[in-house]
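K.L.:
I'd like to ask you about the structure that follows.
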Amino acid sequence: MKKIGVLTSGGDAPGMNAAIRAVVRKAIYHNLEVYGIKNGFQGLMEGNIEQMNLGSVGDIIQRGGTILFSARSEEFKTAEGQERGIEQLKKFGIEGLIVIGGDGSFRGAQKLTEKGFPCIGVPGTIDNDISGTDFTIGFDTSLNTIIEAVDKVRDTATSHERTYIIEVMGRDAGDLALWAGLAGGAESILIPEKKEDFEDIVDRLKRGHDRGKKHSIILLAEGVGSGIDFGDRIQETTKLETRVTVLGYIQRGGSPTATDRVLASRLGAKAVELLMANQGGKMVGIQNNNLVNYPFDEIFAQSHTINEEMYNLSKELSI
Ligand code: F6P
């Protein structure tokens with residue numbers, strides 16, 4: 001393999017730039033040509049492709065977002081869209097592709113692999129919702145952004161003796177809420193993977209209030225439903241003054257943490273190694289601090305699970 005491409009796709013995540021940097025530098029180190037494809041699969045279909053060099057990725061390891069931009073493409077889900085992409089890959093002589101993104105992006109990568117263009121997936125999403133890896137690029141940074149916000153909300157919650165519902169991202173996964181809830185000392189954590197009894201939540205809030213607690217924090221994953229609606233219900237039932245904060249897109253921005261930069265560098269470089277070994281149709285990941293890789297089919301066949309021990313602990317500690 002002499003020429004490879006790299007793109008970022010789906011929701012951006014802090015650390016994607018560090019992954020792009022690792023792909024480009026590792027490839028050039030091994031005498032490969034690297035092409036950056038802008039705007040994900042949409043840009044691939046449109047031929048928005050440029051050769052990258054060592055300088056293209058200078059001064060980006062610390063930057064959030066993605067210098068290659070990102071998009072969610074409906075057209076690339078169609079056979080015609082995929083053919084358009086393949087024409088562009090042929091035009092530039094690109095023989096293999098590294099796709100940095102989440103589950104939806106890997107489905108596109110799998111299609112290209114089936115059509116003869118080997119692709120390797122690098123898990124990049126704040127949601128941490130991909131099987132076959134303990135962590136995805138961006139999760140740690142996002143978690144730290146959430147914790148900073150939770151700590152700030154806690155200050156004002158205490159001053160006003162209020163209950164706060166903090167809604168966090170995660171799509172259908174509860175990892176951000178669970179980790180942030182545990183790290184932020186939340187009274188309750190609501191995640192889509194676990195059904196909570198509303199009465200239990202109310203009881204816990206009341207018990208806390210009766211023994212003189214100045215405030216309560218509830219972490220709610222967006223996959224459970226609207227924080228605003230939930231806040232209304234809590235206030236109505238408990239009669240405690242309740243406020244809701246939806247953290248939104250600040251969770252996706254910012255300079256990546258050292259953990260995310262290291263993870264992105266390791267995964268990006270490993271993806272290049274797999275392409276050089278003529279392997280395609282796989283995702284690289286990290287498990288127990290070891291680099292691993294699994295065929296996309298295996299990743300798609302498993303559903304993401306939360307850490308039960310952490311969930312149970314969060315219950316015990318928020319008694
Ligand atoms: O997948 C990352 C994510 O930020 C999710 O947590 C969220 O549900 C979604 O993307 C938002 O997507 P969009 O950028 O299309 O609004």
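Each Cβ is built from the backbone N, Cα and C atoms, and glycine gets one as well.
Curation plays no part in TrEMBL annotations; they are all automatic predictions.
Heads up, here are the entries from TrEMBL:
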| type | residues | note |
| --- | --- | --- |
| DOMAIN | 3-275 | domain 'Phosphofructokinase' |
| BINDING | GLY11, ARG72, SER73, GLY102, ASP103, GLY104, SER105 | ATP binding site |
| BINDING | ARG21, ALA22, VAL23, VAL24, ARG25, ARG154, GLY185, ALA186, GLU187, ARG211, LYS213, LYS214, HIS215 | ADP binding site |
| BINDING | ASP103 | Mg(2+) binding site |
| BINDING | THR125, ILE126, ASP127, ARG162, MET169, GLY170, ARG171, GLU222, ARG243, TYR249, ILE250, GLN251, ARG252 | substrate binding site |
| ACT_SITE | ASP127 | active site, proton acceptor |
K.L.:
For ARG25 (ADP binding site), what residues in its own chain, 6 or more apart in sequence, show a Cβ-Cβ distance under 8 Å?
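P.N.:
In sequence order, LEU54, VAL57 meet the Cβ cut-off.
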K.L.:
Given the binding-site residues SER73, GLY102, ARG171, find the one whose Cα is closest in space to the Cα of VAL23 (ADP binding site).
P.N.:
GLY102
K.L.:
Rounded to an integer, what is the Cα-Cα distance in Å between GLY104 (ATP binding site) and ARG171 (substrate binding site)?
P.N.:
12
K.L.:
How many other Cβ atoms are found within 10 Å of the Cβ atom of HIS215 (ADP binding site), counting all protein chains shown?
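P.N.:
HIS215 (ADP binding site) is surrounded by 21 other Cβ atoms within 10 Å.
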K.L.:
Which binding-site residues are spatial neighbours of ARG252 (substrate binding site) here, meaning Cα within 10 Å, out of GLY11, ARG72, SER105, GLY185, HIS215?
P.N.:
GLY11
K.L.:
Round to the nearest Å and give the CA-to-CA distance linking ASP103 (ATP binding site) with THR125 (substrate binding site).
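P.N.:
Checking the Cα atoms of ASP103 (ATP binding site) and THR125 (substrate binding site) gives a distance of 9 Å.
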K.L.:
Which entry in the list of binding-site residues, ASP127, GLU187, has its Cβ near the fewest other Cβ atoms, using 10 Å as the limit?
P.N.:
GLU187
K.L.:
Other than GLY11, ARG72, SER73, GLY102, ASP103, GLY104, SER105, which residues of the chain come within 8 Å of the ATP site, judged by Cβ distance to the Cβ centroid of those residues?
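P.N.:
Here the nearby residues are SER9, GLY10, GLY40, GLY101, GLY108, THR125.
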K.L.:
For a quick check of packing: other C-beta atoms within 10 Å of the C-beta of VAL23 (ADP binding site), how many?
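P.N.:
The answer is 31 other Cβ atoms.
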K.L.:
Checking proximity to ligand 1 here: which binding-site residues out of ARG21, ASP103, GLY104, GLY185, GLU187, HIS215 have their Cβ closer than 6 Å to it?
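P.N.:
Among the binding-site residues listed, not one has its Cβ under 6 Å from ligand 1.
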